Structures are given as C-alpha cells and as structure tokens.
Amino acid sequence: QEHAYPADELMPLTCRGRVRGQEPSRGDVDDALGKFSLTLIDTLDTLVVLNKTKEFEEAVKKVIKDVNLDNDIVVSVFETNIRVLGGLLGGHSVAIMLKEKGEYMQWYNGELLHMAKELGYKLLPAFNTTSGLPYPRVNLKFGVRHPEARTGTETDTCTACAGTLILEFAALSRFTGTSIFEEYARKALDFIWEKRQRSSNLVGVTINIHTGDWVRKDSGVGAGIDSYYEYLLKAYVLLGDDSFLERFNTHYDAIMRYISQPPLLLDVHIHKPMLNARTWMDSLLAFFPGLQVLKGDIRPAIETHEMLYQVIKKHNFLPEAFTTDFRVHWAQHPLRPEFAESTYFLYKATGDPYYLEVGKTLIENLNKYARVPCGFAAMKDVRTGSHEDRMDSFFLAEMFKYLYLLFADKEDMIFDIEDYIFTTEAHLLPLWLSTTNQTISKKNTTTEYTELDDSNFDWTCPNTQILFPNDPMFAQSIREPLKNVVDKSCPRGISRAEESLGSGPKPPLRARDFMASNPEHLEILKKMGVSLIHLKDGRVQLVQHAVQAASSLDAEDGLRFMQEMIELSSQQQKEQQLPPRAVQIVSHPFFGRVVLTAGPAQFGMDLSKHKAGTRGFVATIKPYNGCSEITNPEAVKEKIALMQRGQCMFAEKARNIQKAGAIGGIVIDDNEGSSSDTAPLFQMAGDGKNTDDITIPMLFLFNKEGNIILDAIREYEAVEVLLSDKAKDRATIFKGKMIPNYIIDSNLEMENTDQKLSENDSHKQNSEEATSASQDVGVVSEEHEEESSDVADPDSLSSANADSDSISISNQDSYIPGTDEASAPEPACTRGDHQPQEQKTETESNSKVNWDNKVQPMESILADWNEDIEAFEMMEKDEL
C-alpha cells in the first residue's frame with residue numbers, strides 16, 4: 001500500500017508499483033497484470049487467515065471503490081481466473097463468514113460477489129471455440145474476436161490453463177445461481193478428458209483449442225498440467241460429483257505407473273510412456289506431494305517432498321528446474337509457494353514436528369536471502385543469491401498463508417479452516433457450496449473408466465484425521481533413506497524401458513561414445529533410424545525418423561540416443577559458460593540486503609576462486625567511459641571503479657582503471673532501461689590479446705541495476721559493495737564489525753504472527769508453461785563487436801519430438817553445443833514465468849548515460865525502511 005498501490009504488483013528493489021506498459025515487457029509473465037490491483041485482490045482472504053480483520057475490511061472497501069475491471073488490456077484467462085476471480089470469491093467467502101459472526105463487515109452486501117460475476121462474464125468470450133476450450137487470453141473490455149481486442153489468433157493452450165477453472169466458475173455459479181459459468185468450465189474439463197491418450201490415460205502439456213490435437217505430447221505433473229489434476233480431485237471434494245474422482249483416479253494410476261520414479265517425477269511421452277521425455281524436473285511439481293496427501297497416498301508424498309527439501313537445503317531455494325542428479329537447470333526462484341503448501345499438508349497428515357523444522361528453514365531463508373527494504377525479492381539466481389525486482393502476488397496470497405497455517409494452533413484461528421477448500425491460488429471456498437444451487441445434472445459415466453486396481457479407489461473420503469495415525473516415526477522411516485540423496489548426486493535414472501531389460505542388453509550405442517568417423521557406429525545409427533546429413537560448413541547433423549528403424553525397439557533406442565545427445569551437447573554448452581556473479585551493497589543502510597545480478601568477465605580475477613570476493617567503496621571515474629587515462633586517480637585508488645559501457649574494449653577499460661589504482665571495476669550499460677529481468681547476461685571477453693596483465697575483478701551491470709548504485713551514491717556519498725561469485729551471508733560480511741542485530745536476526749516469526757507478519761510487509765504460477773530460465777551468459781568481446789559464440793546455428797537444429805530429433809556435430813568426432821528442449825512459443829498460462837532465455841548478440845551503443853529514472857528517491861525508501869527498523873528493534877529476539 002505504501003509503495004505500490006494501486007499497481008498490480010510491488011517491485012521490492014526499487015520500491016514502486018509495477019504498472020503494465022510502464023516497465024519493460026517480461027513477455028507472458030505480464031499477462032497476469034490487468035491494472036486491477038492484482039496483489040490487493042489476491043491477498044484479501046490471507047488477511048482474515050492472519051486475523052487481520054480490520055485491515056481486511058479496509059482492503060475490501062478499497063477494492064469496491066477503486067478497482068476497475070473494464071480495462072482495455074489483454075490478460076491471461078488462467079491467471080485472471082485463479083488470482084482475481086478466485087481472490088474476489090475468497091474475499092466474499094470470508095466476508096459473509098465475518099458478517100455472520102456479527103462484529104465485522106456488517107455493512108457488506110455482496111459487493112465482491114457482484115464484481116466476481118462481472119469478471120466472470122468478461123472471461124466467457126474466451127470460451128467461444130468449437131471445442132469449449134478457452135482461448136489463453138482475453139481482452140477485458142473487448143473480449144476475443146472484436147477488432148480492437150488484440151487477441152483471439154492463438155490456436156494452443158496448456159492443459160492446466162483450460163483445466164483449472166472448475167472451482168472458481170462452479171463457486172461463482174453456486175453463489176449467484178447463474179449456471180453458465182459452471183457449465184462452461186465442465187465442458188472444458190470434459191473435452192480434455194475425452195482427448196486423453198487412451199492407452200496411457202495421460203494428457204499432454206499443450207492442446208489445440210480448435211481441433212483438440214496434442215501440440216506438446218510430453219506429460220508430467222509440473223508446469224502446464226499441474227493444476228488440472230489438482231482441480232479434478234478438488235472438484236470432487238467441493239462439488240461431490242463422483243465422475244471427477246473417477247477421472248482423477250484414472251489419471252493418478254497412470255501417473256504412478258509411468259511418471260513416478262520415486263523420489264523423482266519425470267515427464268514421459270503420452271504415446272510411449274515408458275520413455276522419459278526429459279532429464280530434469282521443474283519446481284511446480286512441488287505441489288504434488290500435497291495433492292497426494294489429499295488423495296491419501298502418503299508414502300510417495302513423503303519421498304518426493306524429502307527429495308525436494310534436500311535440493312532446497314543445497315541451494316537455499318528450489319531452482320525453477322533441476323536435473324535428475326540435482327544440478328541447477330534453470331536458476332531462478334520467484335518465491336513460489338508450492339513446497340510450503342505440501343509441507344503444510346504433510347504436517348496436517350502426519351503430525352510430524354519434522355515439518356515444522358522444514359517450515360522454519362523456509363522462513364529463515366526468506367528473511368536471510370530474499371528480504372529487502374520494501375518487501376521480499378525473487379531470486380534471479382539461486383547460485384549467486386542475486387535478486388530480481390519482482391514480488392508476485394502469489395507470494396502474499398499463498399506463501400504467507402501456508403506458513404502461518406503451518407504454525408498456527410486451532411485457537412489462533414477465528415474460523416475453522418476445515419470448512420473450506422483451497423483453490424490452486426490458496427483462496428478459500430466453503431464446502432457448503434456442494435449443496436447450494438445445484439443446476440448441473442450429474443451423469444453416470446462410470447462405464448467410461450478403465451478397469452483399475454481396486455486399491456486405487458480405497459480413499460473416497462480424503463480425511464487425514466482418519467487416514468493416518470499421527471505417528472512421526474512412520475514418516476521418518478520413509479524419509480531416512482533419502483537424507484543424502486542430493487549430496488550423493490544420484491546418477492542418471494534408469495528409464496522404465498531399460499529397467500524392464502534387467503541385466504539384459506543395454507542400448508547398442510551411447511551418445512558419449514559416438515564417433516561420426518566410426519563405420520560401426522554409423523551402422524548402429526542406421527538400424528535405430530538415425531541418419532547423418534553433411535552440412536556445407538563441415539558440420540554433421542543427426543536426424544531420427546522412427547519409421548526408418550529396423551524395429552520398434554530399435555526406434556526406442558534411437559530416441560533414447562538422441563535424447564542423450566541433446567543432453568550431452570547442452571551440458572557441454574553450459575560448461576563453456578561462466579555463471580553470473582553478484583554485486584552486493586554492504587554499506588549503511590543496505591547492509592548486504594540488496595544483491596544485483598552481474599555479468600562476469602573472461603579476464604581478470606576469477607571470483608569463483610577467491611571466495612572472499614573483493615570489497616570496497618565505489619567511485620565514478622573520469623572520463624566516465626574509461627577509454628583513456630583516468631584523470632581522477634586519487635578518487636579511484638583502492639576503490640571499485642564505476643564506468644559506462646561503450647567506445648572501447650572492456651579489457652582496455654580494465655587496464656586503465658587498474659593503472660589508476662582501482663581494486664575492481666563495474667561496467668554499467670548505457671542502454672537506457674536495460675535490465676537483467678528482461679535480457680540475458682553475457683560475458684565480457686578480452687580484446688584478442690593476452691589479458692594476463694589484468695588482475696582485478698570486472699563485472700557488468702545492466703542500466704537498471706547500475707542505477708540502483710548510482711542513486712545510492714547521490715543519497716549517500718560513501719557506498720560500499722562486495723563483488724563475489726555469489727551473495728554472502730550478512731553475518732559473514734559483517735563478522736567482527738558493528739551491525740544492528742535486527743539486520744541479522746530479522747526472522748519472520750510465527751509466534752504472535754498476526755502482529756509480526758504485517759510488520760514484515762511483503763507470491764504461484766503462471767509457469768506459463770515453461771517456468772523461469774537460468775541466466776544464459778553470452779559473450780561480448782569488444783565494445784562495438786557482436787557476440788562471439790561457438791554454438792551451432794539455431795537454424796540447423798530441428799525440434800526434438802517422438803518422431804524426429806536432430807543435433808549438429810562438428811569436426812566429425814566432437815560435439816557442438818545444441819539445445820536440450822524444443823522451444824516453440826508457449827501459451828500464457830501455468831506457473832513458470834518465462835521461457836529459457838537464449839543467448840543474444842550484443843552490440844554497443846554510444847548513447848549517453850541516463851541520469852533520469854523512475855526509481856523512487858532513496859531518501860523516501862530509507863525513511864520507509866527506518867520505520868521497519870524501529871519496529872524490529874521493539875520486537876523480542878525472533879524464535880519459533
């Protein structure tokens with residue numbers, strides 16, 4: 001409210017609101033923003049859970065008075081449904097509950113429900129398709145097909161986008177007595193069910209909304225599909241329709257048969273479910289243990305949750321994606337709540353205090369690594385600890401809610417949480433809706449379902465109070481074998497097809513052994529349906545056509561070989577890159593809280609080998625471009641020099657500042673508005689000469705991040721930073737130095753949480769389908785030269801799928817890095833947030849440095865922060 005209202009989201013590093021159109025576009029992630037005060041609406045029922053009834057009443061009045069839903073803006077149907085429609089319905093649910101209690105909300109007359117109905121009608125035009133599946137986006141003012149709508153041309157949507165509507169739409173119908181919303185949501189679910197792959201009972205990630213054909217035929221429980229499964233089970237719980245439970249159980253049997261490889265959950269091909277579709281997992285699958293608790297299948301829930309917890313203990317947060325041997329695949333973490341959600345449900349199911357310790361770890365990591373002056377900042381890279389100027393609405397809507405409920409006793413709650421079901425955005429819908437305004441006739445479709453093992457249907461009433469005796473040793477006995485699973489860095493998991501071979505013959509040729517000049521290898525490839533194409537530039541391209549294989553088993557071997565080759569070349573590409581670095585502001589009043597993502601240099605001090613990093617005060621050099629002898633050496637000596645990008649080589653800048661006595665350098669992009677939030681970082685390369693003479697560390701900051709330092713200099717002349725390979729623990733930074741206790745010990749405490757959570761001001765998916773990307777670091781060798789790269793021309797790489805995979809090879813026997821996933825554009829919908837960023841060609845511009853920016857004045861930021869500091873000083877030492 002202080003920094004961002006009425007904007008949709010808070011930008012916690014620059015202490016201002018994120019308004020769509022006023023910030024650089026982040027692609028599909030921005031489709032969640034509709035200029036309707038997203039965070040305020042998404043957080044309404046969280047306030048009541050935290051016993052903030054007065055604040056809730058004020059927030060409802062703000063929503064009624066200020067929020068406009070008739071904006072000419074294109075938004076994600078999925079995100080608007082779960083966050084805004086769900087937020088309004090959750091707010092209405094708790095508002096009528098409070099009104100019945102007689103103390104608060106006595107004036108309330110269903111205003112939030114009226115707004116929800118208005119929004120529901122604005123989403124209905126998206127369902128104008130022959131299939132009944134909605135378009136992924138809709139214009140709030142003009143709908144879909146209107147000439148001014150600027151949408152309606154999409155052909156694909158993700159399964160979760162179309163299948164995560166039934167709770168909100170059915171609740172809206174039950175609350176209002178208007179059946180059309182529930183009818184539309186049911187029709188979409190029915191269509192997806194009909195289009196499931198009948199032999200495997202799995203669904204794909206992306207589907208054509210007009211034909212019903214599967215566009216992406218891989219299947220898992222993470223991004224793109226996750227909440228479809230969740231809503232089938234929860235629709236049964238909320239609406240009491242047995243057909244939803246039967247569908248869920250049919251899918252669940254397939255998931256446990258093919259996708260579950262305890263403790264891993266790996267995507268497979270819907271037509272060939274014995275074959276893994278990828279060798280990494282995305283963070284959105286962290287919700288699945290919680291769903292398994294609701295289902296009543298506790299053992300695999302404990303196993304997967306423990307594996308995820310071990311990954312978190314290694315990286316402090318769950319990376320957006322990680323490999324089967326637990327290496328970081330995509331390094332971002334936008335403060336997702338799915339793991340906290342599963343932790344809460346596992347504690348409810350087992351009563352094991354171990355899960356309280358897990359929750360404590362989550363809270364400590366949030367305060368230690370994500371808390372910044374104006375809120376909590378997403379992690380740009382879990383390896384370096386750098387931040388992103390982003391705090392999604394789901395952080396407050398879900399993370400705060402689940403963590404509070406994890407530690408809250410029954411007497412801490414002003415209502416019975418068991419009377420409600422959580423939507424995928426953790427909004428509360430009352431269970432009594434199952435008997436209200438039942439306008440949809442239930443069809444007996446039992447005969448449509450596959451004959452399954454009876455044990456799969458044992459749990460028809462997901463009541464954890466009855467299912468599980470609160471026996472901590474039960475959960476501990478399951479967790480124990482997984483305690484060191486990450487540290488041991490498990491080898492590549494054996495595929496189901498290999499497993500079925502037992503000790504029999506292995507794949508005839510492994511990618512790591514392949515040599516293009518070996519005739520025997522070429523003969524094996526031919527048998528597997530893999531052919532070689534010699535390109536004009538001397539490279540060789542591999543292409544697989546399953547129909548040309550000698551047999552179906554040979555075709556599967558060929559597919560596995562191609563997948564191994566893609567993974568191998570991708571890994572080799574990553575090994576040639578330097579990871580991003582961190583610039584941490586450590587002086588008063590930041591004290592290490594602000595961490596900026598920086599690009600590395602291929603010359604100078606290697607910060608990964610100097611763990612202490614380089615620490616010093618910053619100074620702006622003259623001339624600012626650093627391309628000639630420094631004229632203010634007395635100001636630069638023993639300092640970290642700040643300079644502008646452009647007009648000469650990076651290495652030349654480094655030599656000039658080193659000669660002037662600088663102990664390090666930061667090059668700031670002169671491209672106004674550039675940011676690591678929207679552009680991939682790159683490596684600063686040398687000048688083609690020997691650079692061994694450069695011994696100081698050099699880092700690169702985009703314009704937005706650089707301006708944060710420049711603004712700090714204007715407000716506080718003495719600004720000290722730490723250049724390192726990753727952000728350092730603040731207690732380590734200030735060891736032996738005076739630092740206020742509240743900076744180190746400001747843990748979000750759960751005792752008296754209703755007071756302290758509000759003072760610690762400042763969340764789920766649009767995994768839009770792919771989840772966030774790690775920093776791909778390209779190479780810029782010269783201030784006016786284009787990026788140099790050994791990566792094969794993307795045009796020579798064919799997409800990987802079940803029928804045709806390709807990868808390019810150079811020098812006959814060595815591999816050129818390729819891509820490990822087909823990267824077709826994804827629809828705007830699941831919880832990920834942007835596609836893996838590709839390396840880009842960087843050219844230099846000579847534009848002047850921009851001293852004007854929209855960042856809130858540092859004086860205002862610090863005044864707000866000082867209020868937080870005073871509040872912390874009044875608190876007792878934090879403890880759970």
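Cβ atoms here come from the backbone N, Cα and C positions, even for glycine.
If you draw a 10 Å sphere around the CB of GLU79 (active site, proton donor), it holds 31 other CB atoms from the protein chains shown. Look at TrEMBL and you will find GLU79 (among others) tagged as active site, proton donor.
Annotation comment: TrEMBL describes ASP226 (among others) as active site.
Counted within 10 Å of its Cβ, the other Cβ atoms near GLU320 (active site, proton donor) come to 30, all protein chains included. Residues or ranges marked as active site, proton donor in TrEMBL: GLU320 (among others).
Annotation comment: TrEMBL describes GLU338 (among others) as active site.
Under the heading compositional bias 'Basic and acidic residues', TrEMBL lists 754-767 (among others).
According to TrEMBL, the compositional bias 'Acidic residues' annotation covers 783-793.
As annotated by TrEMBL, compositional bias 'Low complexity' applies to 795-814.
Residues annotated as compositional bias 'Basic and acidic residues' in TrEMBL: 831-845 (among others).
Residues or ranges marked as domain 'PA' by TrEMBL: 621-708.
For 754-854, the entry in TrEMBL reads region 'Disordered'.
Remark: secondary structure over the domain 'PA' (621-708) totals 20 helix, 17 strand, 51 coil, with classes taken from DSSP. Cα separation, GLU320 (active site, proton donor) to GLU79 (active site, proton donor), rounded: 19 Å. GLU79 (active site, proton donor) sits 16 Å from GLU338 (active site), taking the C-alpha atoms as the reference points. ASP226 (active site) is surrounded by 30 other CB atoms, counting those within 10 A of its CB over all protein chains shown. Recorded residues GLU338 (active site) and ASP226 (active site) have their alpha carbons 11 Å apart, per Cα-Cα distance. Mean model confidence of the domain 'PA' (621-708) amounts to 90 (pLDDT, 0 to 100 scale).
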